[in-house]
Each structure stands twice: as structure tokens, then as C-alpha cells.
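Reading through the C-alpha cells given below for one structure.
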Amino acid sequence: MVMSLDNLRGFALATSSSAFIGSSFVIKKIGLKKAGDVGVRAGSGGYSYLYEPLWWIGMVTMILGEVANFAAYAFAPAILVTPLGALSIIFSAVLAHFILNERLHMFGVVGCALCVVGSIDIVLHAPMERKIDSVCEIWQLATEPGFIVYSCLAVALALVLMFWVVHHTEQRKMLAYVAICSLFGSLTVISVKAVAIALKLSFNGVNQFVYIQTWFFISVVIICCLVQLNYLNKALDSFNTAVVAPVYYVMFTTLTILANMIMYKDWDSQNATQIASEVCGFVTIVAGTFLLHKTRDMGNTQPDSDSLRADCELQEHS
């Protein structure tokens, strides 16, 4: 199947985005560890990492990746762009192996290979981007009953996790952190795509910033990104990078694809064979990420120091 020029552009931007974002996980982890040695750790509610230069370098790297990802959504459908985030897991896992001594087992290498194969499958069978001539068209899609129900459920569940689950459980705290990031992340992607299309149309001579809907989508992006940043920092500081990255990817991608199916209906123009191929590609990526997750400690001869420190803190609180 031949990819369109816009899909190729989206693919190139999404791949470079994964390289930047995967690297940022490791750089920020180093910064968080250094900040935790001299102040209150992010996982304990501290913000000493704001004074750590390495953390800011990681932030700049992540911003570059997000800018590339942002641009990718202007050219290609989310069903193509979002699953390519799996490549960031490969970058982060390999860098963590060499820099953070979070050893990557042979099965982890197989997991990386599965992520690549699944990504290629999705890229080759991705649908064409839906033609949109105005941000008002996106607003009409966003105010349909199906997407309104999804948005309300996502926000309500995230609030329950933030204000009840996180404070009443320790064993599943990482999943709660990642779920909050993923729920808000799916709404972020919807809004990011709307803003990216608005910019693309504006550069083509049709100004979309005269519409209040464009500014609404920008506000949603800012609010959701701030929430994601806060809880992602908590997850990275308290748990192994090789755990956080794949679990976050699977949850975030699943919810994002679901949100886009409900709102943009990207699969309406595809036949059953193409849809089945995309689903198989995504399942392959999920298998790869969970293989990375399950074998995260098999390459380590000693327990991870962050995990030991987290266990000690849990014992002190109990």
C-alpha cells in the first residue's frame, strides 16, 4: 500500500519526535535523581527538580519532541502518529541500559523488535487524513454526543484517581499516575490535532485564530499538559523508567485511538482488511511493550536502587 505525501511527512515527524521524547525520559530521570539527593523528591511532593539543570535539559528535549509530534498531527491521522510513540520506548530503554544501568535483557531486545514490526504494519495500513477546511468543523465533531460522553467520563475518572485512589493505595500508585496522564493525554491529542490543523490552515491563508473555538482548544492543551507533566514526574521519580515508559505508552495510545475513533472516525474510509492489519500492528506493539515490562529486572544483577528506596518509604508509611 502506497503512503500519501502527507502521511510520509507525518511519519518522519513522528519518528524524530520519538527520538527526542525517548531521550528526555532518561535525561529527566538523571535530573530527578540528582534533585532528590539534595531536596524533597518529586514522588514525595517536592519540586526541587526545578532547580536542576539536567531536568530542564530533559524538558527542552521533550518539548522538541512534542513540537515534532504536534506538527505530525497536522499531516497524518492520529491512528498513524500515536502508535509510533512506541519508538520512544526503544530509545528510552536502550539509553537507560547504557546510562542508567537499567539493564535490557535479551527478551527486552525482542520486545523492541516487536514494537518496530508493529509500527511498520500500522504505518503501511494507516488511513488517509480527513479533509478539514475549518476549526469550526472540528468543533462540530467535538460537540457530538459520543465524544461529549467520552470527555466527561475521562475527566471524571481522572479526578477520582487524583483525589481518592492516589491517596488511598500504595501498591497501584504507578498505575494511577499513568492512568491520569493517559486520560488527560487522550484529550490533549484531540486538542493538539485541532490546533495543528488551525495553524496549517492559517499558514495557507485562512486565519483560524479569529474563532473562539481555536483558543478553547489551546486552553485545553495547556491545562492537560500541565496535569500530565506533574503526574509523569511523580511516576518517573518513584518507579523504574523501563516500567513507566511502556505502561504509559500502552494506556495512552489505547485511549487516544479510542478518542479519535469516536471523534474523527478515521476508520470510516477503510475496509475490514486494513482495519484488521492496523489492529494486529497495535497488538504486536502492545506485546512488545509488555515484554519489555515483564523482563525489566531480568538483566539486573542487583535490585534497582530506586525500587529499594521506594519500598523503604512504603514501609515507613505503613
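Including glycine, each Cβ sits where the backbone N, Cα and C put it.
Unlike curated entries, TrEMBL annotations are predicted automatically.
Note that the coordinates shown come from a computational prediction; the quantities given were computed from them, not determined experimentally.
What TrEMBL says about this protein:
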- 12-32: transmembrane segment (TRANSMEM)
- 53-72: transmembrane segment (TRANSMEM)
- 78-100: transmembrane segment (TRANSMEM)
- 107-127: transmembrane segment (TRANSMEM)
- 147-167: transmembrane segment (TRANSMEM)
- 174-198: transmembrane segment (TRANSMEM)
- 210-231: transmembrane segment (TRANSMEM)
- 243-263: transmembrane segment (TRANSMEM)
- 275-292: transmembrane segment (TRANSMEM)
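Contact counts against the transmembrane segment (78-100), taken as Cβ pairs under 8 Å, peak for 243-263 among the stretches 210-231, 243-263, 275-292. Between the transmembrane segment (147-167) and the transmembrane segment (107-127), the number of CB pairs under 8 angstroms, six or more residues apart, is fewer than three, so the stretches are not in contact. The transmembrane segment (275-292) shares more Cβ pairs under 8 Å with 107-127 than with any other stretch in the list 53-72, 107-127, 243-263.
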